[in-house]
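Asker: In case it helps, TrEMBL gives these features for our protein:
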- Arg75: pyridoxal 5'-phosphate binding site (BINDING)
- Arg97, Ser98, Gln105, Arg313: substrate binding site (BINDING)
- Arg271, Arg398: tRNA binding site (BINDING)
- Lys284: N6-(pyridoxal phosphate)lysine (MOD_RES)
Amino acid sequence: MNSENFGLSEKLVSSSYIRQGSQARRSHEQLIRHLLEQGKCPEEGWSESTVELFLSELAVMDSNNFLGNCGVGEREGRVASSLVARRHYRLIHGIGRSGDIAAIQPKAAGSSLLNKLTNSVVLDILKLSGVRSVASCFVVPMATGMSLTLCFLTLRHRRPKARYIIWPRIDQKSCFKAMITAGFEPVVVENLLEGDELRTDLEAVERQITELGAENILCVHSTTSCFAPRVPDRLEELASMCAKYDIPHIVNNAYGVQSSKCMHLIQQGARVGRIDAFVQSLDKNFMVPVGGAIIAGFDESFIEEISKMYPGRASASPSLDVLITLLSLGANGYKKLLSVRKEIYLLLAQELKSLASAHGERLLHTPHNPISLAMSLDGLQAESDKAVTQLGSMLFTRQVSGASERMSCVLANKPARGKKGGAEAISQMDLLNMAERELLKLIRPAILLGASPNLSGCFH
């Protein structure tokens, strides 16, 4: 409805009512105008009606939704199921072109605008979350592992002789496979045990650089978000080292956007040294379906180079999901989630420490890890090699997910010792049931409080 149509409507319905409806329409359009002007996440979240109006306006700009459109090519936005069309708000063409995921599509002005706005809004959120000097980013319809691979493949063109990627160890398969898939040889650097924490061995990293030769190293592949007792890598020192030896530096920031500490490390690393790109998951940080990531960096030309490395067009679903989410939350809503995550993390640490003490165990001291917690399970592990895994399965069947059980450093309980001379001892099953009850008391309230995008996954 434009002003002309509203004027015509006054012939059918009282003009005072029509003007009221017109004013209501303008309030929606005003929000959309601010988004287009500023390219930033709105301070306050939009209503669903405003979001749907905006997406409908975008969709009618795509050629597959033109009235009387006659598409004769092989890719004309054809969809057999109306349910599928509605699921995607009829934004069918995807994003990008064959040579660049960020390119404009002549057939899809609406989808292209969606893509540009999403990248702009996400960039604003990265700055709001702590990386103030980030220059560019784009949403890619791949999870974190494949997005890291895309970064490595882009660096190959800049360093064609390089064979190795130096990687301070973190026990996550996707990080390792990302390097292998790109065709490089990971040089695994074991971490140092400092107190309860596993920390970056900087001397070992520099030793590998000198032994292998800087020109033979594609990059240093570091990590922020991780499971305790592992803590984020020493990003400032690694960034300085990369600048010293002129070696690229790629950071796996999978679920670090929600952590001000992780984002501060990236900001400081870029300030004192070199960070070429950092990659983060959409689902872990923004509560959207799995399948998307953000590739960001401090050199706009390098981020553009990565986007052009993506072969072919791409699905718009991850971009659509995160844009809807951020428009609905608004900047203030997202900041509130970050604040609540911190509060619940502190509460969880306090209560878990009390639980551990009550059963002769302890919460490991890992102050450099702002996301994950670890508690010993020495007593339970002493009962049986399978007891630890069994506790995890019991929690899972009671609908508590995200807690990891590890033989070296895990959630636990210490068994009571039976008396000699035939006195009854606590059985392994009794022990497991007791541990389960205590953990459920602790975990479930924290999860139900509606914490962060990754709260249930940060209890390790």
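Cβ atoms here come from the backbone N, Cα and C positions, even for glycine.
A description of the local structural setting of each listed feature is requested, covering burial, neighbours and distances.
Answerer: For Arg75 (pyridoxal 5'-phosphate binding site), the same-chain residues lying six or more positions away in sequence with a CB closer than 8 A to its CB are His93.
Sequence-distant contacts of Ser98 (substrate binding site), defined by Cβ-Cβ distance under 8 angstroms and a gap of at least six in the same chain, are Pro311, Gly312, Arg313.
Its Cβ taken as reference, Arg398 (tRNA binding site) is surrounded by 14 other Cβ atoms within 10 Å in the chains shown.
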Asker: Since the record lists Arg97, Arg271, Lys284, Arg313 as recorded positions, which of them has the fewest other Cβ atoms within 10 Å of its Cβ?
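Answerer: Lowest Cβ count within 10 Å among the recorded positions (Arg97, Arg271, Lys284, Arg313) is Arg271.
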Asker: For the C-alpha pair, I'd like the distance in angstrom between Arg97 (substrate binding site) and Arg398 (tRNA binding site), rounded off.
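Answerer: That separation, Cα to Cα, works out to 47 Å.
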Asker: Restricting the comparison to the recorded positions Arg271, Lys284, Arg398, which residue's C-alpha is spatially nearest the C-alpha of Gln105 (substrate binding site)?
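Answerer: Comparing Cα positions, the closest of these recorded positions turns out to be Lys284.
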Asker: Considering each pair of residues in Arg97, Ser98, Gln105, Arg313, all listed as binding substrate, report the largest CA to CA distance in Å, no decimals.
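Answerer: Greatest Cα separation within the listed binding residues comes to 10 Å.
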Asker: For the recorded substrate site, whose residues are Arg97, Ser98, Gln105, Arg313, find every other residue on that chain with a C-beta no more than 8 angstroms from the centre of their C-beta atoms, and list them by sequence position.
Answerer: Gly94, Ile95, Gly96, Gly99, Asp100, Ala103, Gly312
Asker: Roughly how many Å separate the Cα of Lys284 (N6-(pyridoxal phosphate)lysine) from that of Arg398 (tRNA binding site), to the nearest whole number?
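Answerer: Counting only the Cα atoms, the answer is 23 Å.
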